[in-house]
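Visitor: This structure is in structure tokens; I'll ask about it shortly.
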């Protein structure tokens, strides 16, 4: 019995048992080391098992930080000392209600469901407060776009020049095109047909919401991606079989849409540098596209139609123009949009109807003499209304009722969009010589940018030697 380990008083254990079985004192010691910041093998295992922050958790963390900042700002605006008891509780409740209202209003404005009343606040510009040339180009400006904070602007011209400039002082910096070898290393393919090198003629620009990427497209059938911080070329997307005529980013995302003369719209992801999808539907060249926060793309083409592509649902709505070709379009909000046509009309559309709900006829009447059905403008003749009276560009101050349109008749017109029930009301004429090929509003509505040239954006069927190629700015005074 003395030899039997069961009856023995000796507390010796086997080595394997010592490794597997721990006493309560050892557990308490390990717990104390953990609580005191000591390191152990179990510590390292726990650290390895800690999950990384998910996208949803990151969004919640950022949202909480935004709310806390707004609460602190509201408290600073009140400028009162902290109080005790029920009064302090009531003030915190009022403060939270104010923060919730501001967040709700901001979300509605950004999503396009709330329309700001800016048009009624715009004062009539004085004759001395007309357009001023902010940036000069050698050839006709084809595209203008603004960063999301309205501090930086981008413009391109027919000679391939892309400029990045400051809105306040007009100080510009030029983007340098890389050589053909670098372009090929970035994904560009060799020119097709009779072309021996890549054309630098730029027809479209678009900047991402975060301001990191600038996209350009033109006659070389490629979509080029630039880094706005270094102004360097980072990627070339091939795939289109015709000139790239229009570009737009989806708000708040890295999705880029490109429209082309090959009648298609392609979707790219600039973060992944990847092609995503192609949208078909137009029977002729796609001229202008636009997109807001939702995965919906508005496009017009020379097939006399405007189409709203619902990317997620893989469906589309087709809107027919009665007599003319639509040249440009722009979202007002998710349910309404405006377009301009080559017969000088401006149309207001709603997703509920396939025809325009309101038409402004001869929105840009030509100031030239009409003789035998031809327009004479600066010594050149053009058949019909093609040269100077067609609406070549439209722009809307996002989330508001203020719109603008441009043509080649020597003026930019401001409009008040009163909705599908009341239509569009003219506000003011802003004199500007030349073909207005692009328009861009500040989000605040305090200024309007116009890309002007001696020639139209997509051709050379008109010429105005008195125009100055460049970007012009019009300051708008609000009540």
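Cβ coordinates come from backbone N, Cα and C, glycine included.
Got these off TrEMBL a minute ago, pasting:
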REGION    1-61  region 'Disordered'
COMPBIAS  18-30  compositional bias 'Acidic residues'
COMPBIAS  40-55  compositional bias 'Acidic residues'
REGION    73-101  region 'Disordered'
COMPBIAS  77-87  compositional bias 'Acidic residues'
COMPBIAS  88-99  compositional bias 'Basic and acidic residues'
REPEAT    134-175  repeat 'WD'
REPEAT    195-236  repeat 'WD'
REPEAT    237-278  repeat 'WD'
REPEAT    333-359  repeat 'WD'
Visitor: Among the recorded stretches 195-236, 237-278, 333-359, which has the greatest number of Cβ pairs closer than 8 Å to the repeat 'WD' (134-175)?
Guide: 195-236
Visitor: Mind checking which residues reach the repeat 'WD' (237-278)? Cβ under 8 Å, same chain, six or more beyond either end.
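Guide: Those are 110, 187-189, 203-209, 213, 215-225, 284-293, 295, 297, 299, 301, 309, 311, 458, in sequence order.
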Visitor: How does the model score the repeat 'WD' (237-278) in terms of mean pLDDT?
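Guide: The answer is 94, the mean pLDDT of the model over that range.
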